[in-house]
Amino acid sequence: MTSIITDFVEEVNRLVKENEDPRTKDWFMMGSPWPLVGLLVVYVYTTTSLGPRLMQNRQPFKLTGVLITYNFLQMIGSAMLFWEGLDAAWLRDYDYKCQPIGTSTDPQALRMAGAVWWYFAFKIIELLDTVFFVLRKKNNQLSFLHMYHHTMMPVCAWVGTKFAPGGHGTFIGLVNCLVHVVMYFYYMLAAIPGTQRYLGWKPWVTIVQLVQFVIVFFHASQPLYRQCDYSKVLAGILTVNSVLFMYMFGSFYYRTYILAPKRSQAAALAKDKQAVSNGNGLHINNNNVESAKNHNGKVKSS
């Protein structure tokens, strides 16, 4: 068993070394995938097992000031990174139909590579989203969708920074940063006491995320059917991942904003009917309103 694991690790290291981009190979956390793997293992264990057990007999932390500050900084950081991607590449000479990765070391290419690394760094910082849920005892928020999303995004961002710190796939990060401006703005408002009446547009946050994945699907899939000097493997991974996210976020939207309200409405109607049948409602008899009481299984007016 030990030899199998050793062989696997050595093979992964070999593939990484053979395919890494020389521009980013010496950057922080870019030398090997194992530090990230270790971090994510600790993250999953801490947030799904250790953390909830430690908080079980403790009062939830409020973290109001921390959450407002954190979400504000995430919103500003996402906006700055969105503009960096535009100004460094996508508003300049990047082709929206097919953009090769390239290996140039000119200032513009290195600037874009730097933006890709910062995108990866933001995905690591976003693991705090889950930590805050645990500290506030919001364990119902630790869904498969949340955990998959927060675990896979750092992996995808690491792969992009390690092997393709530029080119076609960076458009995904560009769109994602814009979406995160909207998302963290909403989270910031939600953390401020007394703002509940301004949060009725929460379903639209999920809709914006769904639109993001549709855009990503059509953009990322282009190298699969066009003559394009971009890795079809990476394009395929990005395309499949966008479909998975579309399905999971779509299912979440349906369950939360379509199915749940229907069930709540049906439950309320059933409760009203039950109240009447138990004699706890009001009946109109010959234009007189009478309270109804249950008497030996019959409704009797008082």
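One-based numbering along the chain as shown.
For all residues, glycine too, the Cβ spot is worked out from N, Cα and C.
These features come from TrEMBL:
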| type | residues | note |
| --- | --- | --- |
| TRANSMEM | 32-51 | transmembrane segment |
| TRANSMEM | 63-83 | transmembrane segment |
| TRANSMEM | 116-135 | transmembrane segment |
| TRANSMEM | 147-165 | transmembrane segment |
| TRANSMEM | 171-192 | transmembrane segment |
| TRANSMEM | 204-221 | transmembrane segment |
| TRANSMEM | 233-254 | transmembrane segment |
| COMPBIAS | 279-288 | compositional bias 'Low complexity' |
| REGION | 279-302 | region 'Disordered' |
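Sequence-remote contacts of a segment are chain residues at least 6 beyond its ends whose Cβ falls under 8 Å from one of its Cβ atoms, and for the transmembrane segment (204-221) they are 96, 168-169, 171-172, 175-176, 179, 182-183, 186, 235, 238-239, 242-243, 245-246, 249-250, 252-253, 256-257. Taking every recorded stretch in 32-51, 63-83, 147-165, 233-254 and counting its Cβ pairs under 8 Å to the transmembrane segment (171-192), the highest total belongs to 63-83.
If you look at the transmembrane segment (233-254), the same-chain residues 6 or more away from its ends with a CB under 8 A from one of its CBs are 143-145, 148-149, 152, 156, 159-160, 163-164, 168-169, 172, 203, 206-207, 209-210, 213-214, 216-217, 220-224.
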